[in-house]
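**Student:** The following block contains the structure, expressed as structure tokens.
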Ligand code: S3P
């Protein structure tokens, strides 16, 4: 386990291009693996999670090659033209819930037996949520008390009409990916609109799907064609630096090539409520995804407070740890409720946020579905336990920037799951 030391900073100045979006990278990797032809992906996420998706595609018969480095790095995926092979080894999803859940839907229509495994954290995460719709479609799927390892006995699938009981883009995607290859038209309704990267990615690869109100429909028996695409920067990774910028009155942060898909930007509204001032400098569309350059400053008067409840909690679920970590430094505090899903992410994020806030001397109230963190607090440097969770490691590195004394992030290597460059960027943008 590696330790990173984070010292208090005075300001945040500069510009940053965050790595390619993790959610979009997974989807492009998987659809490229199924498609016919060679897909070329620029700015593909450098994180370990999307690398798990690429490795699974190779195990399923696709070819993956990397050319160039840094900004010129391109991932080339030559797909299987709709025919995955029988893998000779279990499909290792690593730490990635997205890989395990979305891949299950993608491979289920193929006439093979698949075993999906993951690391300790992934083995603790709920998988019944994908078994339900997929088994309605005719998939025989074995879990161990609702968890991985998963065995899928693949074969022909029938379309279904499915109402998603919990807001989850991963479950939606598993159903859409299976529906794409089923007999008949699969429909799916969501009560809370989750991130729609799968819908854009499917269309980019040539599939037809329609949305009417909150109902999506995808005809089965479709084939996909390779694309050339650039992955937008990951707003959930940028969130750490956006929150860091808010900690200093004279901050000036420019984020380039940032993904600004409206189903992901609710965080920007919350930050604006807290006291961020945004300027959109450029914006363009690529395969249905918005990519822009934004400038962030802090409004005079500093950070106020925020109430995050109801559907909003689901929409910014990945950003809640960092919002919780900066909450003590706001004037009015941050109240987070209706976020029980945080307990079944890469870790129990409510418990780990609580543990690390306590270590830094913060006062708060913990609920089963959230946290109430008063503002106006002074925190001290501490030993932080990442719990091997990338977002916890990064969230408390941001809290450390305004603490008194230095903070040690234990298990800092977890950041590489989504953002390997995080600590380098932190040192560049927030010198002590
Ligand atoms: C993701 C969906 C969300 C999110 C995860 C990525 C995706 O999970 O928390 O980090 O790429 O579809 P759920 O589908 O469990 O809500």
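Backbone N, Cα and C atoms are what each Cβ position is placed from, and that goes for glycine too.
TrEMBL annotations: computationally assigned, not manually curated.
On a predicted model such as this, the values are computed, not experimentally measured, just so you know.
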**Student:** Check TrEMBL for me: it has 22, 23, 27, 168, 170, 318 binding 3-phosphoshikimate, so pick out which one of 140, 340, 345 it puts in that same site.
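**Tutor:** Looking through 140, 340, 345, the residue TrEMBL assigns to the 3-phosphoshikimate site is 345.
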**Student:** Taking Cα atoms as reference points, which of the binding-site residues 97, 125, 349, 391 is nearest to residue 27 (3-phosphoshikimate binding site)?
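**Tutor:** Result for residue 27 (3-phosphoshikimate binding site): the nearest of the binding-site residues is 97.
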**Student:** Ten-angstrom check, please: count other Cβ atoms within 10 Å of the Cβ of residue 27 (3-phosphoshikimate binding site), all chains counted.
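**Tutor:** A 10 Å sphere around the Cβ of residue 27 (3-phosphoshikimate binding site) contains 30 other Cβ atoms.
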**Student:** Which binding-site residues (22, 170, 318, 345) fall within 10 Å of residue 125 (phosphoenolpyruvate binding site) by Cα distance?
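**Tutor:** Checking each Cα against residue 125 (phosphoenolpyruvate binding site), the hits are 345.
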**Student:** Taking ligand 1 as the reference, state which of the binding-site residues 23, 125, 170, 349, 391 have a Cβ closer than 6 Å to one of its atoms.
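**Tutor:** Cβ < 6 Å from ligand 1, in sequence order: 23, 170.
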**Student:** Measuring Cα to Cα, how many angstrom lie between residue 170 (3-phosphoshikimate binding site) and residue 391 (phosphoenolpyruvate binding site)?
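**Tutor:** Rounded to a whole number, the Cα-Cα distance is 18 Å.
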**Student:** Rounded to the nearest angstrom, how far is the Cα of residue 97 (phosphoenolpyruvate binding site) from the Cα of residue 23 (3-phosphoshikimate binding site)?
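**Tutor:** The Cα atom of residue 23 (3-phosphoshikimate binding site) is 11 Å away from the Cα atom of residue 97 (phosphoenolpyruvate binding site).
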